[in-house]
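Let me begin by presenting the structure, written as structure tokens, before commenting on it.
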Amino acid sequence: MFGIVVLFLAVSLLFYCLFGGADFGAGILEGFAGKRYRSKGRKLTYTAIGPIWEANHMWLILVVVILFMAFPKVYTVVSIHLHIPITIMLIGIVLRGCFFTFRHYDAVKDKSQRYYSWIFVLSSIISSLFLGIIAGAATLGRIDTSTTSFYEGFIYPWFNEFSFAVGIFACCIFSFLAAVYLIGETQEEELRKYLLNQALKANIVTVVAGGLVFLAAKINGFHLIDLLLSHLFSALCLLLATISLPILWIALRKRQVILPRILAGFQVLMILTAWLWLQYPAVINLQNGPDLTLFNTVAPQATIQVLGWALIVGSMLILPALYYLLRSFKFNTSAE
Amino acid sequence: MEDLLSARLQMAISLGFHIIFACIGMVMPFLMAFSHWKWLQTNKDEYLHLTKTWSKGVAIFFATGAVSGTVLSFELGLLWPGFMEHAGPIFGMPFSWEGTAFFIEAIALGLFLYGWNKINKWVHWATGVVVGISGVASGIFVVAANAWMNSPSGFDWVNGQAINIDPVAAMFNDAWFSQALHMTLAAFVSTSFAVAGIHAFLLLKHPGHSLHQRAMKIALTFGAITALLQPLSGDISAKDVAVRQPAKLAAMEALFKTSKPADLVIGGLPNVEQQRVDYAIHLPRFLSFLAHGDFNAEVKGLDSIPRDEWPPVVVVHVAFQIMVAAGMAMALIGLVFLFFAWKKKHLLFHKTFLTIVALATPLGFIAVEAGWTVTEVGRQPWILYGIMRTSDAVSPMSGLMYPMITFTILYLILAFLVTWLMARQIKVLHETYKPELQEA
Ligand code: HDD
Ligand code: HEM
Ligand code: HEM
């Protein structure tokens, strides 16, 4: 059962990055849209993510519940020491979800639309940025559970170049995901071209931001390259992610819809796998004492047992429903 | 401000905000499904209009409920890590099922809101019902988790560690049934009365408006039936509390001295220093009867509890009086409505009745907030009753006042915006939908 719980944790994290990430990215892209495409883009965002954002968002809840039930120490250490970035991310998530919905359901379409959009875009950026910062801080290993200083305990772990670089990388890759996803959602030639262009730009910045992560790691004295060389599987994953890029571009140019989506998802999968493999079995690297791993924080057997069954039975209920949802709204537009 | 107090306030504000959206998310789908079903049966335009109008409101409430719930699942750790470290593995099970229920709810809602004319009309109707059922299921699961904090079970507490964990026993603790039943009914009462109240108010402004009449009739029927059941369920809860948390019952009733028999104290303001209740009405022996079903039973007072384990008596007592008063008022309104409905008299044109229902709009939610205050403040100073103190669970981070203030402001803004958006919906509805013209 332990294996199943870990698998669900990893898959939920992946799905949140993929689906939730594409939602965040759509918000970010909207902020960079030129005047001409603003209203069209907005409509597209709406039809593309309106019916599914709430379901996408559930993956995050699943991650949290699995963490606090199965790996309580991980959950509490993160909650204590990353209190500030988590709070900021949450405020972003709240504003984003609310204003996205308010914008669409406001019965009077007047000037307030502008404010809704503005906050939607801003909070999409903030949520993605801080999600990345939290991941970066968990990896960097500056969390010190014994310190009594406010700065060392609650600021220093996340307020650094590396965590911010990961945050920026998250924003970029989410935008890329969103652009690739949105291309398949429209039949309009002009809009398609425009999105293709957005995807390309997002792709370039993502690669640059990836470089930035390595640079920032160096600045913060975190030996990322050495780590990669000693974890060849991770290095291989990153390599595969890079190799699949040209294929993705060719497929996009050939007006394919499904293949580019799969490839973009594959890239995220590879990057996430590379990261998790570098970390494994650690979840949180600590500055003082041994890291928090999947093994030294795991809850008692009885808990893992009931959680595992809940996840298995739950997913048997959820997956067919999710498939039906996607089929009803997604595949009919992209089938053309 | 003290960190512990800030944390408690932040938790209370977040939960108090979330519960309103949670109640609406649980009950509106049923009201909508009812109206939707009427439309499928009768093909009357008003029902379609009503369903769609309601569903637009629900989308706004649902989104706000979902994101505020997300905040909560993090807040448990952000504010109470000392508690979650031990509690997570024990009471996590209902949360994991709650997750499944939310997922299904979110999927079904997506299908319902966007499925008009896209999926089979009966499948579409069924998705609405599924939203409601999974909403209620998720509510029951979280309440079971909360009940465990009131009535810890499924583990042994040895030297500050939990051993022999049994999550199934923890979920089915002694309090889960009475709390889950009472909360589910509360959601129906509060949401139905709020909806009926708003439509009653609109009927006063637009007399005879058929859409509002149908809406009010549906909502008030749901509200009246559940409001009549609620005191019965409250009685089950009270008897339960008397056995498992005597300190909470004593605070609810402001009973300072163990008495046999015990009087029921109605209203009044407890004076903790002097250990008496000012301005109250006393009903001899009634508390013995309500708490134990016997007019001569002994009821434990606060004097049987160590002074440092008393909950805040004034808050708990006053909140309890507010809940019961609101509950009785709604039960009465419900009774009148059902009586006349049974006599086939139309109260929907009766101005006084409409005014009363309109005035009762917030009553249900007031009762819900008051009831949770009774449950949660009445548990103090324990976060895990009898086992862990709230002060031992709070986050070691200082300056908790700042997140508390930030979230308070955020929630105030959202509450304002949601209200404003509802007002705009109603305004537009009246501009675009004129029942007189439809009938002509
Ligand atoms: C519409 C809402 C509503 C109404 C009309 C009532 N209640 Fe209530 N009450 C709640 C909404 C509520 C609640 C918000 O749902 C609580 C908080 C925790 C819970 O399980 O239910 C609650 C808690 C609660 C508790 C504490 C349970 C515990 O701590 O485990 C008691 C003893 C009662 N109620 C008793 C009553 C009585 C005797 C009522 C008579 C009219 C009544 N309630 C009406
Ligand atoms: C008695 C208390 C509670 C009840 C009855 C309740 C019920 C609900 C319901 C019905 C929803 C669906 C959303 C909606 O309809 O607006 C919801 C959302 C949510 N609640 Fe609560 N809740 C309660 C307390 C909590 C607590 C304490 C937590 C976390 C620890 C929590 C976490 C969540 C989450 C994560 C969501 C979002 C689900 C989604 O995205 O659809 N809830 N809650
Ligand atoms: C949604 C309905 C709920 C409301 C309105 C509510 C209200 C409150 C209030 C007023 C407090 C502060 C009490 C005090 O410190 O004096 C509190 C504390 C707390 N509640 Fe609830 N509660 C609700 C449901 C829940 C649920 C379902 C859970 C968990 C499963 C929960 C967990 C907690 C925790 C952990 C605290 C902090 C510790 C404490 O003060 O004892 N609550 N809540």
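Note that Cβ sites are derived from N, Cα and C of the backbone, with glycine treated the same way.
According to TrEMBL, the features are:
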- B:12-37: transmembrane segment (TRANSMEM)
- B:58-83: transmembrane segment (TRANSMEM)
- B:95-116: transmembrane segment (TRANSMEM)
- B:128-149: transmembrane segment (TRANSMEM)
- B:180-203: transmembrane segment (TRANSMEM)
- B:215-233: transmembrane segment (TRANSMEM)
- B:318-341: transmembrane segment (TRANSMEM)
- B:353-374: transmembrane segment (TRANSMEM)
- B:400-423: transmembrane segment (TRANSMEM)
For the transmembrane segment (B:58-83), which stretch among B:12-37, B:95-116, B:128-149, B:215-233, B:318-341 has the most Cβ pairs under 8 A?
B:12-37
With a cut-off of 8 Å between Cβ atoms, can you find at least three pairs linking the transmembrane segment (B:353-374) to the transmembrane segment (B:95-116)? Only pairs 6 or more residues apart in sequence count.
no
Sort out the residues at least 6 away from either end of the transmembrane segment (B:128-149), same chain, that have Cβ-Cβ distances under 8 Å to it, and list them.
22, 25-30, 32-33, 36, 87, 90-91, 94-95, 97-98, 101-102, 104-105, 108-109, 112, 170-176, 179-180, 183-184, 187, 375, 379, 383-385
Go through B:12-37, B:215-233, B:318-341 and flag the stretch with the largest number of C-beta pairs under 8 Å relative to the transmembrane segment (B:400-423).
B:12-37
